[in-house]
Amino acid sequence: MAQNSLRLVEDKSVDKSKALEAALSQIERSFGKGSIMKLGSKDSVIEIETVSTGSLGLDIALGIGGLPKGRIIEIYGPESSGKTTLALQTIAEAQKKGGICGFVDAEHALDPVYARKLGVDLENLLISQPDTGEQALEITDTLVRSGAIDVLVVDSVAALVPRAEIEGEMGDSLPGMQARLMSQALRKLTASISKSNCMVIFINQIRMKIGVMFGSPETTTGGNALKFYASVRLDIRRIGSVKEREEVVGNQTRVKVVKNKMAPPFKQVEFDIMYGEGVSKTGELIDLGVKAGIVEKSGAWFSYNSQRLGQGRENAKLFLRDNPDLLREIEMALRQNAGLIADKFLENGGPESEGDEAADM
């Protein structure tokens, strides 16, 4: 019997560092320079670039100042909760920094007028309305591999219909086909996304599982692959309405960070999404200011540095809207107290909170 050429070297005199250098050089010759390196070396340490979500509170709750580039993001929630609005605000923030963005509209439901109101530059926004799920994911793969895209949104995973389902008869049962499609696509995409430093945001819908006795019956579409590959998962919910007298002018929204590979998860933040405007910056700054102790609240009155902002939240919002310099001053003070505010977000957002079971299923 031939003796195995590979054997464990037990001789203590063998220099381990030389053996390691030989192994590393062999790997680099086979797979190219940079295929393996020490994590702490100057060449390998890369600071994570982020893109703001358009919400200061959510940027703070994410722990790194926004959504990370070169990663997969999932935004999910019920209908009309603000999923597409949040994605479009992220695109608008990326475009302000000169980034190139794309929108794969699988639902064929993007409203360009609303997108423009949120600050999206439509002239420089790439949009595709594919016919099948395979086509949508192939377009996504091509755009990511180009290395020229900063933010790419896929709206939505539920609308990525496999070609076999479209070509088949209405009522045909094709179990697991969409999940297999997503699993294969994410296996291909994940390395390209990291190398190209492109952020890919998947918008997802919620479904109810039948026969669930304990825990939340909610689950997201497209199987479990996206839950594993996503670095950040955001659960967005509408929790109330914003009214001016009797007219509803916006939604009160809660976003929970149910998964975060970049910072501690389970933080949640609340803000207003105003119709035709997007995230209400003034309302959010007032709420965050009160939490951080920067804006004082006495009864119904709000004040900052002994200057009264208004009686009632809506009046204070109007005052700040008319005084942009004061608005910027409060925002700068809040950014300096970001660590304190982040701790406040954990008060109601532990892993035992309602709705987390849906993220774990």
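Using N, Cα and C of the backbone, Cβ positions are placed for all residues, glycine too.
As annotated by Swiss-Prot, ATP binding site applies to GLY77, PRO78, GLU79, SER80, SER81, GLY82, LYS83, THR84.
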Count of other CB atoms lying within 10 Å of the CB belonging to GLY82 (ATP binding site): 24
Site with most surrounding Cβ atoms, counting all protein chains shown within 10 Å, from the binding-site residues GLY77, PRO78: GLY77
Residue with minimal Cβ packing [other Cβ atoms within 10 Å] among the binding-site residues SER80, SER81, THR84: SER80
Cβ-based isolation winner (fewest other Cβ atoms within 10 Å) among the binding-site residues GLU79, LYS83: GLU79
Residues within 8 Å of the GLY77, PRO78, GLU79, SER80, SER81, GLY82, LYS83, THR84 Cβ centre (excluding the ATP site residues themselves): ILE236, ARG238
Mapped DSSP class for LYS83 (ATP binding site), helix or strand or coil: helix
